[in-house]
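Report on the structure given below.
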């Protein structure tokens, strides 16, 4: 879409309204880079994300996001093995922690599905293992004492030396107070000193580190603490060295994950942007319009987003597929220009995936481009007149617009002779109409009213004017051409009636009749609009009530199901416990030969009859699993609880099997017996064992952090498993690093006879940090 239309319609100013709701640098960057799209599927996904986030928030509250800064430069330096500061490590930590928090929020969310947002969430890499490594920093970027044992010992020594020095210095301060210019211990050259009067310098033996500007005070380090200060400085050097070592090791550990950290940062930014869209939608009563390719622009209660919400006037604009052109006629200052800009701006915002200030049910056609000639764009440098400037712009628009463009003209044909201007305006509109270019134009030429009446696919419109208040209402009236109110306004302003009467006589009868007809149309239109608004109000109230009732109904059902499931589990647990105890008793009795086998079985069946029954016999998943285990009618089994063989008779509704052991029949759970495999089953299982082993092979192998030999062996094994699993495509993540692992991977792939082709992954999927291979 051309940049000029974005400037004319002040697209960037509207984007700024989303900025305050963003908390991440990545989200702000995504907003800054945002431009209108033409791909319907991409735009619809952006709308679906906002809709899903709205449902998520309604059920689980608003997702809280912390502030993060841009990691681009930090990660670049990390990859170049440049040193990072403590604050930079903290910035990395913030992004990683925020990713973990977002994932946890969605995992714990209840009563809602978010399929569109899951597309983003699935790309989030779990970096929770890195958080522990970064917890050695406080929020200011300083290392905690326990960052390492060595650092803890060094800082303990520093504190001990400082305490000893402070004690000695305090004693000397008290003892030599008369010789000092100030009752204070100060610092010079990173060492504690006393401010000694120049005339008393020989009274305190020590090292002079500085002198006051007047020369009256010498800053002396007493000899009593020189040795201790030397030790203290040595410990501080050791502290800096240890901190440098910790930073270096931490950077080496983070480097293999730089791509994942960068990707998470942008994914977090995207979630942040979705959140900002939702907040805008909720705060401004905005909506997500339906997207069409049928040239419908239908806006209910459309408002311009840059006009104060208390001042803006909402308009219904029906510019559907049956219309090609809308001609807005009438006097200036009535809101024609704002109406044109509103249509253009809301269309651009919708094509950017942003909520628009219009009611639900609005529809937006997706245009390839939008062109506008709005306002006074006279070029002073080119010394063009207003008319010439507009006409130059119009010529360019006519050359570039096609049937999938939207064209907006403000005061078309103005700036020249009225008759010629009107003729040009009609000719331009007719040219665009014949080319099937959707066009909205404003004009004050009355000749265009007739064009709007007699031409197919063209409709007149006007901006309502309140005669009683003598001011425009800024309401758009579709189907009603504009009319002049000059005589009536003049009468109300006190112009003599004789002059008004004489002016009226100059107007032809037909023109007078037309004005009366327009006045009646305006009254009828107002009635229809008012009736339509009342209907929509009732519809909104009904929708809101239906939504609330549905929410309550679903909540009641969820609570009911939860309580039923809870009660069922508790009952089963109680019975299971009692059954186990009973089995133990029966087993003991059986061991003592106190009861006969059939008496034991009868007793146990009676006990098990206490358990609540659940019909598992129709569960397809369980049936499939049982079939895979060989559990079917007639199968031979070994009953472990009795140490006897038996045969499966049938599967009961409670999930247990009726098993026959000789002349005895009983019900047993699957845990109480094992299937005895036939030779044929053993042979079939042997043939398929490799297939089962490889059925869980993932389509991605991560070699980051491995040594060369380890990575080489892992790659060989993985390719074998992928071939056995019949995978078509695999991804090997090797990172960027020094390139050694990457070269090894590509050499292996090049030589392997089962690799058809390979290439680096796309930029958004790892770039040169990952290789995608196609298997033969």
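Using the three backbone atoms N, Cα and C, a Cβ is placed for every residue, glycine included.
Owing to the predicted nature of the structure, the values given are computational and were not obtained by experimental measurement.
Feature annotation from Swiss-Prot assigns ATP binding site to 330, 331, 332, 333, 334, 335, 336, 337; the stated evidence is sequence analysis. Swiss-Prot lists 701-776 with the feature domain 'Smr'.
Here the features listed in Swiss-Prot are painted onto the structure.
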{"residue": "335", "record": "ATP binding site", "Cβ contacts under 8 Å, 6 or more apart": "313, 463, 472, 474, 476"}
{"residue": "336", "record": "ATP binding site", "Cβ contacts under 8 Å, 6 or more apart": "328, 330, 410, 442, 463"}
{"residue": "337", "record": "ATP binding site", "Cβ contacts under 8 Å, 6 or more apart": "374, 375, 410, 442"}
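Residues of the domain 'Smr' (701-776) grouped by DSSP class, helix first, strand second and coil last, total 35 helix, 19 strand, 22 coil. The DSSP secondary structure for residue 336 (ATP binding site) is helix.
Mean pLDDT across the domain 'Smr' (701-776) comes to 84 in this model. Using a 10 Å radius centred on the Cβ of residue 330 (ATP binding site) and all shown protein chains, the other Cβ atoms total 28.
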